[in-house]
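First the structure, then my questions, so here it is.
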Amino acid sequence: MPRGLELLIAQTILQGFDAQYGRFLEVTSGAQQRFEQADWHAVQQAMKSRIHLYDHHVGLVVEQLRCITDGKSTDADFLLRVKEHYTRLLPDYPRFEIAESFFNSVYCRLFDHRSLTPERLFIFSSQPERRFRTIPRPLAKDFFPDHGWEPLLMRILSDLPLCLPWQNKSRDIRYIIAHLTETLGEDALPRCHVQVANELFYRNKAAWLVGKLTTPDGTLPFLLPIHRTDEGELFVDTCLTTTAEASIVFGFARSYFMVYAPLPAALVEWLREILPGKTTAELYMAIGCQKHAKTESYREYLCYLAESDEKFIEAPGIRGMVMLVFTLPGFDRVFKIIKDKFAPQKEMSAAHVRACYQLVKEHDRVGRMADTQEFENFVLDKRQIDPALMALLRQEAPEKITDLGEHIVIRHLYIERRMVPLNIWLEQVEGQQLRDAIEEYGNAIRQLAAANIFPGDMLFKNFGVTRHGRVVFYDYDEICYMTEVNFRDIPPARYPEDELASEPWYSVSPGDVFPEEFRHWLCADPRIGPLFEEMHADLFRADYWRALQTRIKEGHVEDVYAYRRRQRFSVRYETDRRPDKAFAPPSGNVRRA
């Protein structure tokens, strides 16, 4: 290879990333218009297209590099020089951290995920940690209650870039002040002030105002979800001021926010204070930089591994028929491998399973489906693998594993947030905790269905409980769109003997689902059955599911709330306006999405 080509290749990769992130910002900048026009289907399409942008631009750069090198092979020294030149381009580059991830992606695409070493890749960043600790330009604006909280909030809401009229701005301000007074106390409120992010955070059918509430006792989140009525008027739906509430809003089971972030590292640094429990990976994930979040997630894994002497073990819970799941005892994530052969009742291919996981990545997860990161050629030290797990890997997924002596390479796996399996949780709790879990499970099913997702296998073992007590679906191999399912009532038995027969007396076609059958496996536990019948009996009726299908086919997009229904201003304080459709969830049982 001629000298000087290394710099050209480095510049080509960085220019390719520039093009990708430019398109990323372009799609993101359309969020306000989509919100104001209530173009909810365009919101969903923009979410999918933005996810695809990264891989598309990696592919474009790879083709450019193949043209530049004329298809000639490159040696190790040449690749090291390319990385050196690329590293020299980054100190003054505003998105250096994601540019490093983009370089990694291009390398992996070129070399089919082989020879993934720190010398060739940015396994760890080449730049100082948290380089934007001092933000180069303001990301937020401060507001002080010099003349009271009412004019302060009026300034905040009036400064928003939204062009729609307000339904009743003064009323919403009263509600916010009422909430702050209840939360902080009337005496403390005059000594507090707010810092508000310059950009709104868009997701689903809401525009979120994200801020920091500085109190005498510390800094709290200040989150206002802004919705629009069917008539095109704005209103504030609630005010959230606890770190637990903010953590759920920015949770791993939710779609990525659309927030205009030309300096993503600076925004992540700004968010840390109100989301202290979130890792760097989770913060990048929340603002839509999911590929760099994968890089950060891997770095967090390596750091944990370096400080731990734990061994990988099979994850607790009922062993899956499709996936082999393992973890480290103290680590908050699990590793999932598609088995080489599935149980006989699982009539599907590995390609189908991967397509299901991709569907979840691109779909609105409504707070009820865990996000995943996909890895290829994942290396594990055999000394850190429990012998029982090693035997299981060789038994269930030998075609996915390459033995390199001291290490094994797993050809493909997913990393996902670790949760307590719901079936285990239900065995351990009683009273109100049991009731809350059953309510959460039913709500998860409802909200997934309203988002056009049918879980397929609804057994408790396929759901997990998060640290906030939320129930989240995580087994995707039978997932499908609601519109693909034929929900049927079980026909009346012809003879008394029919109900005792081992085979059904009625025909069953592919895609047929009989909701009455859910009762058999969801209500078998005498502690659970009465609670289910009380709160979620309609899930056993085919007409409930068919009604949801009709709404979906008519183009209706349900509201998704990242908080409990009782926290909404319309429920807490509503006295001076008639209820409207914007405040009515599809079921009275829906609490939080």
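Cβ from N, Cα, C; glycine included.
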Suppose a student reads Swiss-Prot and sees ALA315, PRO316, GLY317, ILE318, ARG319, GLY320, MET321 listed for ATP. Which of LYS294, LYS336 should they find annotated at that same site?
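Answer per Swiss-Prot: LYS336.
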Between ARG319, LYS336, which of the binding-site residues has its C-beta surrounded by the fewest other C-beta atoms within 10 Å?
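Each of the binding-site residues ARG319, LYS336 was scored; lowest Cβ tally within 10 Å is ARG319.
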Can you give me the same-chain residues 6 or more apart in sequence from ALA315 (ATP binding site) with a CB-CB distance under 8 Å?
VAL325, PHE326, THR327, VAL334, ARG418
Report the largest Cα to Cα distance, in Å and rounded to a whole number, among the residues ALA315, PRO316, GLY317, ILE318, ARG319, GLY320, MET321, LYS336 that the record lists as binding ATP.
15
What's the CA to CA span in angstrom from ASP371 (active site) over to PRO316 (ATP binding site)?
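Answer for this pair: 20 Å between alpha carbons.
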